[in-house]
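Peer 1: For reference, TrEMBL lists these features for the protein:
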type: DOMAIN; residues: 47-161; note: domain 'DOMON'
type: DOMAIN; residues: 169-368; note: domain 'Cytochrome b561'
type: SIGNAL; residues: 1-22; note: signal peptide
type: TRANSMEM; residues: 206-226; note: transmembrane segment
type: TRANSMEM; residues: 238-259; note: transmembrane segment
type: TRANSMEM; residues: 279-297; note: transmembrane segment
type: TRANSMEM; residues: 309-329; note: transmembrane segment
type: TRANSMEM; residues: 341-362; note: transmembrane segment
Amino acid sequence: MARSVIFIIAIFLSFCALSCIAQQQPCATYKFLNNKHFSSCSDLPVLSSSLHWNYHPLSNRVDVAFRHTGVTDRRWIAWAVNPTSEGMIGSQAIVSFQRTDGSLAVYTSPITSYGTRLEQGNLSFPVSDLSATNQNNEMIIYASLELHGNISTVNHLWQAGPMSENTPMMHSVGPSSPNVKSIGSLDFLSGRVKATRSSSATLKNVHGILNTVSWGILMPIGAVIARYLKRFESADPLWFYLHVSCQLLAYILGGLSGFGTGIVLSRRSPGMEHSCHKIIGIVLFCLATTQVFGGLVRPDKDSKYRPFFNWFHFLAGCSTLILSIFNIYKGFDLLHAANFWRLAYSGIILTLLLVTLLLEICTRWCLPITKRSMPNAMEKNTSTVIAVATMEV
């Protein structure tokens, strides 16, 4: 009996040990070919990367090894520490890539703008023992950092991107891309790693949603309602107020909120210029502002200036509609949005175009026929009444 109990306990303990081993991070079992050893490591959440380090609190020095696996083509990799903020701007990076002649480049690069080409330069803290390897489909950067101040927690970033000859090119910036999620905080002392999301990436999504709903959907809906009011000569106040509501809501969401978030994004990204998208956004804001406040000074129907106002209102509205749809697709390109969003938005626009086409058909062909038939029917009824009256007399 005692032997059976001991045997069962042994099996249980073995199972627990195997479970613990299975739950260990893969980086903990990795063996470096150059016999280097690191006491701490963390498998980073994206980009098939891991970070290994030895922290020396007395000298505030950190020996690191940044490892990027699954390398099947020529690319650049980088690991960076940002001493001042959580974002890309201000980060102090260590970069490596394979040159066209097969040799490895490894150097430091301070990031000062979003348009950087990872130019070589000195960092804000000393870096020594800089080296890199590229073998067995993985790239590794080794370095020793001497951090300023008595700190052990830092904001860090890691990236990988394509090459053009010997020049690093821009990595993917789509909202679903892992490259926009490769940011976090790292405590060298405790080993705690926390993934964070860039506030700029969130703001880009908010900016895109606001402008797509306002300029891209509400504005065309308001234009269709305006066409209905014009073609059917409707005096129903419900449709008029619905038209005004769509335009005002589009102006508030896109003209004020969307335009405001665009200004904030521009200030946060001093090195990233999207001139066409920005210029169209400014023009849209000016046209929409003129449309909204122009309604307050609209001339009376009997005024001689009313035709000029109507023409201006029509041309400004058409320009706003065309530019807004074009700029929405331009925004999809800048955000590298998935095809689903393009197709969904295209479906909405095509539906509105179909409704507009049906309204044109009804007002150009159906209504004139109805109007022409009504006088004939009235004339026929009148003749019938006269004939009946004559017979009675």
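Including glycine, each Cβ sits where the backbone N, Cα and C put it.
Unlike curated entries, TrEMBL annotations are predicted automatically.
How buried are these features, and what lies next to them?
Peer 2: Counting residues 6+ beyond its ends, the transmembrane segment (206-226) has Cβ neighbours under 8 Å at 239, 242-243, 246-247, 249-255, 257-258, 261-262, 265, 281, 284, 317, 320-321, 324-325, 327-328, 331, 335, 337, 345, 348-349, 352, 355-356, 359 in the same chain.
When Cβ-Cβ distances below 8 Å are used as the criterion, the transmembrane segment (238-259) is approached by residues 207, 210-211, 213-215, 218-219, 221-222, 225-226, 228-229, 281, 284-285, 288-289, 291-292, 324 of the same chain, each at least six residues removed from its ends.
Counting residues 6+ beyond its ends, the transmembrane segment (279-297) has Cβ neighbours under 8 Å at 211, 215, 247-248, 250-251, 254-255, 258-259, 262, 309, 312-313, 316-317, 319-320, 323-324, 326-327, 330 in the same chain.
Listed as Cβ neighbours of the transmembrane segment (341-362) (distance under 8 Å, sequence separation of 6 or more from its ends, same chain) are residues 212, 216-217, 220-221, 224, 227-228, 231, 325, 328-329, 332.
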Peer 1: Taking only the residues in the domain 'DOMON' (47-161), give me the average pLDDT of this model.
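Peer 2: Value for the domain 'DOMON' (47-161), mean pLDDT as a whole number: 89.
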Peer 1: Using DSSP, how many residues in the domain 'DOMON' (47-161) fall into helix, strand and coil?
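Peer 2: Going by DSSP assignments, the domain 'DOMON' (47-161) contains 0 helix, 66 strand, 49 coil.
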